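Annotated features in TrEMBL:
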type	residues	note
BINDING	E74, D117, L119, D120, D247	Mg(2+) binding site
Amino acid sequence: SMASPALLMRVVASAYSVAEKAATIVRNVMAGGDLGIVEKTGANDLQTKADRLVQMSICASLARKFPKVTIIGEEELPTGEVTEELIEDGHCEEILKKTCPAQYRGIKEEELVIWVDPLDGTKEYTEGLLDHVTVLIGIAYGGKAIAGVINQPYYNYEAGADAVLGRTIWGVLGVGAFGFQLTEAPAGKHIIVTTRSHSSTLVNDCISALNPDSVIRVGGAGNKIIQLIEGKASAYVFASPGCKKWDTCAPEAILHAVGGMITDIHGNSFQYNKEVKHMNSAGVLATLRNYDYYASRIPDTVKQSLVP
């Protein structure tokens, strides 16, 4: 008989379905019209009813199936009973059919850490920039991001009333990444994607030093990594603290699965063990290709301003 699928592939297969459920919640909250917006630390740090319901849904659904996995979500939420309609029990069969890489076959539940951003791009969500919004579920082992799911609830939302809304991108190191068309940015063009709502002198000085052909300003870390893997941008540069582990874990796994690179501004890789601090205080530099070109051009003044 077939050996049962490895734990990692079961977790990713479940995370896929859980992310699709999350997307439905995100769309339903928006359609209902009452976003229930709360300011956390200020006008650029918002939480909506969608952030809260989605985190409850993701965390409760995965914890029920994988009780010993550590799950860390962005939102501080009161612990309480989660209603049954928020629970997603399904999984993606396609993912279970893929072979788990040998180095991940012996993983035990208690060795996994799942980093959850229930709604990446909350500010954009509240402003109706719906294509910026993603749901991020990143899976780490030994402190490294090894698998991830990114759902775009509003993918295709400008394609007309009959369009199928939303898509789910997923990846596992050593297996690949799926659900999108891998495309490289135009050769010889330096197109930088960066923050839309968290700009600063440092962010802008760093970008100027790279002498880009163009700069794209969009919300959401998940969205920025999608710009890289679909060839719309050649580098994601954010010379500022502010990004957190739940913003980068899923995107990192997907980017690495297709041969890309993501580090802080100094070139250090991110750590995702459960004890790690949540803030990526030394910023982000990511590319699908030509990482060294951008890394070698980050000004020393910028590096000195950002302490890991």
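Heads up, the Cβ atoms here are built off N, Cα and C, so glycines get one too.
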At a 10 Å cut-off from the C-beta of E74 (Mg(2+) binding site), count the other C-beta atoms across all protein chains. 22
Intrachain C-beta neighbours of D117 (Mg(2+) binding site), sequence separation six or more, cut-off 8 angstroms: G73, E74, T134, V135, L136, A221, G222, K244, W246, D247, A250
When you measure from the Cβ of L119 (Mg(2+) binding site), which residues in the chain that are at least 6 apart have a Cβ under 8 Å away? V26, T48, A50, D51, V54, Y125, V133, T134, V135
Within the same chain, the residues at least 6 apart in sequence whose Cβ is under 8 angstroms from that of D120 (Mg(2+) binding site) are V133, T134, V135, L136, G220, A221, G222, N223, D247
With a radius of 8 angstroms around the mean position of the C-beta atoms of E74, D117, L119, D120, D247, what other residues of the same chain does the Mg(2+) site pick up? D51, V116, P118, G121, T122, T134, V135, L136, G220, A221, G222, K244, W246
